[in-house]
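Written out below as structure tokens is the structure these notes cover.
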Amino acid sequence: MITTEIKRVKNHINGEWVESTGTEVEAVPNPATGKIIAYVPLSPKEDVEKAVEAAKAAYETWSKVPVPNRSRQLYKYLQLLQENKEELAKIITLENGKTLTDATGEVQRGIEAVELATSTPNLMMGQALPNIASGIDGSIWRYPIGVVAGITPFNFPMMIPLWMFPLAIACGNTFVLKTSERTPLLAERLVELFYEAGFPKGVLNLVQGGKDVVNSILENKDIQAVSFVGSEPVARYVYETGTKHGKRVQALAGAKNHAIVMPDCNLEKTVQGVIGSAFASSGERCMACSVVAVVDEIADEFIDVLVAETKKLKVGDGFHEDNYVGPLIRESHKERVLGYINSGVADGATLLVDGRKIKEEVGDGYFVGATIFDGVNQEMKIWQDEIFAPVLSIVRVKDLEEGIKLTNQSKFANGAVIYTSNGKHAQTFRDNIDAGMIGVNVNVPAPMAFFAFAGNKASFFGDLGTNGTDGVQFYTRKKVVTERWF
């Protein structure tokens, strides 16, 4: 429930809400107002160890629960999430800042991930081939791997945890969850509803905190696998540290997603698509469009319409339905973003829409309005770096070939989009672009939960992505059985 009281956040270990054994806490502000709404503990190693012990004990019985029974239990959780959609969206807007419309969309995508997890019996099925030799049969069986952990970011406090723990638990594992210390309230509610669904104690454990919790997870010998979503430097650290300690790791990292706009595109829909991709959720998402490579032939017309429509966007508190761009997560991030905008100006890019100059009354929140640069090149920081904000760079290219070449020069390769009505252009783009997720006239090419989610290059560290069959393979181990009977 959302209240006006300042909340003292707790950990959830072995089926109980418990105080952290540490004394250090961090304030959690509402990004739209700057007012403190909670204090979250920065838990020490000892709390992680207790959570792992609880998960390890629960694994002994949970892993033996029949697969269909685990799925039925998850279906009860799914129903509770659906019944509480409105409340969950409001919590997201309160602590993350994104508009209620965006938060509602996130809730739905999270629910879809749990829907996938309820179908685990089908996804866990093995393979068999009888009579591989005289009187000998061969088969492959999938088993859970033990205690696994998830480390999740602030920008999707519901969807990303629900990519992880429902599927892992459906596969028979037990889970230790560490969500962002910037958005601890939604994590609490997810865990509350999980246990309302009747799960045994210790199957899911929540440890709040910062880097100490991350390091404790990565170094704990009883954790078999770690799922991570976050920035590129931290993803690299998580992957290298986790694998060094013998763990499976999937680490989804940063992005600099490009869109190529062709002269044969539907101009109106393309403009609205780019606006939605670049500026919704305040640009704080790894699938946001941050660079548009527009072909010269349509560049001026496209930019004129894009700028005019962008200037109509309202900035402010996400609870107000007229606002399109909410606040950034913290004052420190706002200052970082303003630094990037200033660097773009200093480097010679043309500032067409200046998000530093917000006309709406935005109070004390951490607001930066939609920002558009033209005349950007690959030498500029605003082209190279993940800004994670409503900042869009425009690069003019002569044709599709140059647009693809430009896009592939980025060190990131998460998502890429082409806007076109020409099937051959779409085919050429699909076959030659280096990105893990590709959209053709699709603004945000984040796949549905039954497909894998992962990028390439510096956008992903690991072998198996989240969701779909990739997720099931990550959270299970194979046993190949060759048998003969006398």
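Every residue gets a Cβ built from N, Cα and C, even glycine.
Pulled from Swiss-Prot:
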type: BINDING; residues: Phe154, Lys178, Glu181, Arg182, Ser231, Glu386; note: NAD(+) binding site
type: ACT_SITE; residues: Cys286; note: active site, nucleophile
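Feature map: annotations from Swiss-Prot on the structure.
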residue	record	CB count, 10 Å
Phe154	NAD(+) binding site	22
Lys178	NAD(+) binding site	27
Glu181	NAD(+) binding site	21
Arg182	NAD(+) binding site	20
Ser231	NAD(+) binding site	15
Cys286	active site, nucleophile	27
Glu386	NAD(+) binding site	22
Could you measure between Glu386 (NAD(+) binding site) and Cys286 (active site, nucleophile) for me? Cα positions, answer in whole angstrom.
9
Could you state the whole-number distance in Å separating the C-alpha atoms of Arg182 (NAD(+) binding site) and the residue listed as 'active site, nucleophile'?
17
Cα-Cα, whole number of Å: Phe154 (NAD(+) binding site) versus Cys286 (active site, nucleophile)?
12
For Lys178 (NAD(+) binding site), what is the secondary structure state per DSSP, taken as helix, strand or coil?
strand
Cα separation, the residue listed as 'active site, nucleophile' to Lys178 (NAD(+) binding site) (Å, whole number):
19
